[in-house]
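Colleague: Pasting the relevant annotations from TrEMBL:
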| type | residues | note |
| --- | --- | --- |
| DOMAIN | 1-36 | domain 'EF-hand' |
| DOMAIN | 37-72 | domain 'EF-hand' |
| DOMAIN | 74-109 | domain 'EF-hand' |
């Protein structure tokens, strides 16, 4: 299931369907996501997972990259702990007042509409 999703994502990057993601293809996708990486940043991203040092990312290398990203994401426990910071009365919901309190305490001034 997860691998087929990654295969689909890989295909989005691999514009010419040759089984390799180049810096050009990576740049195109990054820019479509609102990022603007430099050529050297793109090369660095590829170099991080380019096990065979051919300058591109193949599907096994892409899987390695995705596995690292998944490992870096917050665990459910960390997310629950963060939620508790907002949910001051522990009722399982974050009210507008609770959200305003936390945001104000970290220096964010929000209007009623923003809350």
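Heads up, the Cβ atoms here are built off N, Cα and C, so glycines get one too.
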Colleague: For the domain 'EF-hand' (1-36), what is the mean per-residue pLDDT, to the nearest integer?
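Modeller: Taking every residue in the domain 'EF-hand' (1-36) and averaging pLDDT yields 86.
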Colleague: Which numbers of helix, strand and coil residues does DSSP report for the domain 'EF-hand' (74-109)?
Modeller: 21 helix, 0 strand, 15 coil
Colleague: How many helix, strand and coil residues does the domain 'EF-hand' (1-36) contain under DSSP?
Modeller: 22 helix, 1 strand, 13 coil
Colleague: Can you count helix, strand and coil residues in the domain 'EF-hand' (37-72) using DSSP?
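Modeller: In the domain 'EF-hand' (37-72), the DSSP-based counts are 25 helix, 1 strand, 10 coil.
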